[in-house]
Amino acid sequence: MELRNSTLGSGFILVGILNDSGSPELLYATFTILYMLALTSNGLLLLAITIEARLHMPMYLLLGQLSLMDLLFTSVVTPKALADFLRRENTISFGGCALQMFLALTMGSAEDLLLAFMAYDRYVAICHPLKYMTLMSPRVCWIMVATSWILASLIAIGHTMYTMHLPFCVSWEIRHLLCEIPPLLKLACADTSRYELIIYVTGVTFLLLPISAIVASYTLVLFTVLRMPSNEGRKKALVTCSSHLIVVGMFYGAATFMYVLPSSFHSPKQDNIISVFYTIVTPALNPLIYSLRNKEVMRALRRVLGKYILLAHSTL
């Protein structure tokens, strides 16, 4: 097949789920609501964790970072998808595609690592409460956050540079919601089998190892919770952990389907649907899952909203 020059002037056409659906208007309205929900809920959660002194704890610092990652992740993808649908213009420049891929990989990989650190935080809090402030000191917590961002950025840079240097064929139509590695490999006019093996190894390392750590952490947590004499303490621990497990299941399930399962196991249409879960649905639901099931967060949100409502009334 004829090759295309990979220059900044060359572009791709993103054929996302909005362009490949029988009811695009309904999907557009749903995505708009979910995006506004993600902006509002993650923004409020970040605000509450930042200004409420009672939430200046390792658990809530990690939760704030999760909200920040979700906010950035969905903003990398959703606004462009919605704007393209309205304009009936689905093109993305070569440079724009590379940037979107880098940012999406960074946010996704950082969240992947952060969720494992959050599981460790819950393990320490429940299984070793007397050592909590030593094992999860502010310094340790910030090291976890920095590790998530730095490792994710390095992985994203490497994969983005390699993928975007592949020779692409004349067909530039990406049947996907965003510029991502699997759909772009389908456009490459080169043998990508070795690179697909590298992606598989990276996927196993960055997805299955954190999942294993999370499962191990919560297995130990479960044994500890079952031995708790207080029903109230047992209930509080289970509520906190179940919230995290719901988030973990949604995120890792979709990411594993996309990056670990062989491409022969899923079609472009299935990939399109799955990408919606980790770019739009999960960022909108994560803060609700955490805040609605956490009394401390709900109290902090009410205090923050109350302050701003009073401030707004006093300025009128």
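In case you wondered, yes, glycine gets a Cβ from its N, Cα and C as well.
Computed from a predicted structure; not experimentally measured.
Swiss-Prot assigns Leu27 and Asp271 to topological domains of the same name, so the membrane does not separate them in that record. Checking the candidates Cys179, Cys189, Cys241 against Swiss-Prot, the cysteine paired with Cys97 through a disulfide bond is Cys179. Mean predicted confidence for the topological domain 'Cytoplasmic' (293-316): the pLDDT average there is 72. With a cut-off of 8 Å between Cβ atoms, the residues of this chain six or more beyond the topological domain 'Cytoplasmic' (119-139) that come close are 58-59, 61-62, 213-214, 217-218, 220-221, 224-225, 237, 240-241, 244, 248. Here the Cα atom of Cys97 (disulfide bond) is found 18 Å from that of Asn19 (N-linked glycosylation site).
Sequence-distant neighbours of the transmembrane segment (140-160) (same chain, 6+ residues past either end, Cβ-Cβ under 8 Å): 58, 61-62, 65, 98, 101-103, 105-114, 117, 121, 181, 199, 202, 206. Beyond the ends of the transmembrane segment (98-118), by six or more residues, the same chain brings 59, 62-63, 65-66, 69-70, 72-73, 76-77, 80, 92, 144-145, 147-149, 151-153, 155-157, 159-160, 163-164, 178-181, 184, 206-207, 210, 213-214, 244, 247-248, 251-252, 255, 278-279 to within a C-beta distance below 8 angstroms of the stretch. Long-range Cβ proximity for Asn19 (N-linked glycosylation site), meaning a same-chain Cβ under 8 A and a gap of 6 or more residues, is found for Phe85, Asn90. When secondary structure is read from DSSP and collapsed to three states, Asn19 (N-linked glycosylation site) falls in the helix class.
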